[in-house]
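*Asks:* This is the structure I want to talk about, given as structure tokens.
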């Protein structure tokens, strides 16, 4: 039976869309399936995008991309229950921007459509279609859509990949729960409160006992007329804690180092998202096979640097390796097992370099002292260093 297209991609997040764009640019026919009616409406990220990989994908992105603010002001606060020790820096001409996925993702899909990608929103994929042990399409309701290769970009909770036995469920310690709220605040108030000018933006990072001594990190990013505020806590710690997930962000917002930053704001959006922050050692052993490959959060390629989680730029970088693999495979008439070539391309990518650089951080973060002892030591040391206390 004839294929409907060369490539079917499940999920129009950043990784899936970037992979689709590159494949279509190379002349492949690509079908991009997205379960949401509007791409981006079901996607959640902290909101800071390092743009090096985006510049490789779309060199003129800055002319049309719905970017919020260029991050020039950064700070890291080590929290104690009632205080904080803060380190700050000013870096003009930064290479990262705050973004809102509800605006950014539709723009990226539109850029992919310009290259010939066919995006179908509101499409639910019920199962993968297999013949003789090879994935060769998807099942949507009563319809079977066939393709030479299928890309699973369905996010951290990769239901289809698990259901078909392509990957196993990740360990709890390799996953985190991100909880985020978007708060409204006038542009003038944002710039005055965070000491910004024109299109400058601030990235405030927090580490320590975020809530009742729970390990985790938090962030606050400035947008044009909103603030992106959120926390990220290990899933294993949350299951052991008696604090309901719904209360975590509320308690963090009440911390004396945070409360003044968000005064006179109103909540516009609220959501939660699984974050595969285990890094290199939590990636599936087999992340591609006969007719299929994983990309983005489904690949579990987020990188926890110990201060922040790098997700979006790693998704773009991984998408490049995936597209290179698919383009090469489609040059052969016979179907290919994608894993050897995909693994080769991933190992040669910036994604692999970053994964290796931070591969031991997840184990380090599981030590209680990272979140508890170190912030308290700093809180006691700095007053003495500054000649008080």
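Keep in mind that glycine also has a Cβ here, set from the backbone N, Cα and C atoms.
As listed in TrEMBL for this protein:
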{"type": "DOMAIN", "residues": "6-53", "note": "domain 'FAD dependent oxidoreductase'"}
{"type": "DOMAIN", "residues": "176-273", "note": "domain 'ETF-QO/FixC ubiquinone-binding'"}
*Asks:* Averaged over the domain 'ETF-QO/FixC ubiquinone-binding' (176-273), what pLDDT does the prediction give?
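*Replies:* So the average pLDDT across the domain 'ETF-QO/FixC ubiquinone-binding' (176-273) works out to 91.
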*Asks:* I'd like the per-state residue tally for the domain 'ETF-QO/FixC ubiquinone-binding' (176-273) from DSSP, helix first, then strand, then coil.
*Replies:* 26 helix, 43 strand, 29 coil
*Asks:* Across the domain 'FAD dependent oxidoreductase' (6-53), what are the DSSP residue counts per state (helix, strand, coil)?
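*Replies:* With helix first, then strand, then coil, the domain 'FAD dependent oxidoreductase' (6-53) has 14 helix, 13 strand, 21 coil.
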